[in-house]
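Participant: Mind looking over this structure? Questions follow.
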Amino acid sequence: MSTLLTVISVNDGKIKRSSLEVLSRCNELASNNGMKSAALVIDSKASEIAEQLKNYGPDEIYTIENPIFKNHLNTPVLKALSTAVSQINPKVVAFPSTESSKDVLGALAANQQTAALSDMSEFDLTDNGVKGKRPVMASKIISSVEASGSPVIISVRSGSYDVVEKESNANIEAIDFNFSDEELQITLKEIISSSSDRVDLSEAEVVVAAGRGVKDEEGRNLISELASVLNAGIGASRALTEAGDYDPSLQIGQTGKVVSPQLYIGVAISGAIQHVAGMANSKVIVAINKDPDAPIFDIADYGLVGDLYKILPPFIEELKKIKQN
Ligand SMILES: Cc1cc2nc3c(=O)[nH]c(=O)nc-3n(C[C@H](O)[C@H](O)[C@H](O)COP(=O)(O)OP(=O)(O)OC[C@H]3O[C@@H](n4cnc5c(N)ncnc54)[C@H](O)[C@@H]3O)c2cc1C
């Protein structure tokens with residue numbers, strides 16, 4: 001029976017939502033096509049993660065556990081992936097589109113002498129491989145793509161599918177894996193983490209994004225308060241990261257992060273194409289802008305026309321009241 005293999009991405013011992021989205025889609029395709037859906041965890045605590053995965057319906061769970069995976073290093077991850085693919089022999093290897101999958105996708109395809117389709121926004125099976133859609137040119141164009149091979153390797157944008165919870169009594173199988181330090185070509189010296197990443201922006205359920213109209217401390221405090229009451233991640237347009245008002249790691253857009261929250265609130269952001277490229281996949285888009293002709297209103301589900309300094313204080317108060325009740 002053919003297998004669709006989802007590679008699970010883990011951050012600080014937590015499964016990334018984007019992996020569960022890909023797994024849910026693979027579960028659906030496997031059940032519609034008489035195939036098996038399997039999940040692969042490569043982590044220093046893979047067996048613990050595997051237990052959590054039983055809530056998300058895979059037919060099989062494979063683990064590769066080794067302390068070397070505490071931090072992402074391409075060489076051991078690639079070796080682990082190749083080992084797993086040789087053993088499982090899947091029809092498709094599906095990753096969530098993350099920084100770490102970008103690092104290894106092409107190398108795995110070269111290693112397996114097969115095709116890779118990156119950053120898909122939807123995918124389906126064909127007789128020989130995979131077909132689907134891929135936003136390109138800062139999401140201005142959606143291309144239709146198809147690849148054949150064995151396996152076809154794909155990565156999928158976060159927010160493309162819903163997470164479906166489903167109990168499973170999947171078998172957990174540990175794959176044999178050895179790695180010695182001599183095999184390392186790169187040594188990790190230091191990780192410099194950003195203190196501003198209060199909530200992981202690319203995984204956040206709610207994002208509040210600030211634009212150039214947030215021009216002073218009062219405005220930034222309003223953004224923080226709104227984010228705090230909604231337990232949201234804070235993002236910013238390039239206008240504000242370039243001005244030094246927000247950390248560059250918080251930039252959303254073509255040259256920043258891609259976010260796909262359930263709710264995105266853009267405050268004083270005009271909606272330039274380079275910004276929209278990073279948030280267009282959001283489920284519900286709310287825009288607050290004093291210019292009724294701002295392009296962001298073309299893609300917003302809800303728009304509030306007015307001055308953010310007048311709109312946000314009562315808006316935050318109302319949200320606080322709702323939360324209290
Ligand atoms: C190659 C390239 C890559 C880029 N990559 C990115 C990227 O990754 N991310 C990104 O964001 N940008 C990117 N940009 C920049 C992008 O083109 C825009 O310049 C930028 O997104 C504009 O940011 P903004 O919407 O905050 O500012 P503006 O376009 O200046 O808009 C500010 C908005 O705030 C509104 N406003 C002002 N005051 C108030 C107020 N008091 N109350 C309510 N509304 C108010 C105004 O009406 C206006 O619509 C890139 C540009 C290039 C050329």
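Using N, Cα and C of the backbone, Cβ positions are placed for all residues, glycine too.
Annotations in TrEMBL come from automatic prediction, not curation.
Fair warning: this is a prediction, and the values are worked out from it, not measured in the lab.
According to TrEMBL, the domain 'Electron transfer flavoprotein alpha/beta-subunit N-terminal' annotation covers 4-183. The FAD binding site annotation in TrEMBL covers R212, S237, R238, Q251, I252, G253, Q254, T255, N289.
Surface or core, plus neighbours and distances: that's what I need for these features.
Facilitator: Reduced to three states, the DSSP call for I252 (FAD binding site) is strand.
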Participant: Report the member of R212, R238 (the binding-site residues) whose C-beta atom has the most other C-beta atoms within 10 angstroms.
Facilitator: R238
Participant: Indicate the candidate from Q254, N289 with the smallest number of other Cβ atoms within 10 Å of its Cβ, considering only these binding-site residues.
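Facilitator: Least crowded of the binding-site residues Q254, N289, by Cβ count within 10 Å, is Q254.
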Participant: So if I draw a 10 Å sphere around the Cβ of I252 (FAD binding site), how many other Cβ atoms end up inside it?
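Facilitator: Taking every protein chain into account, the count is 30.
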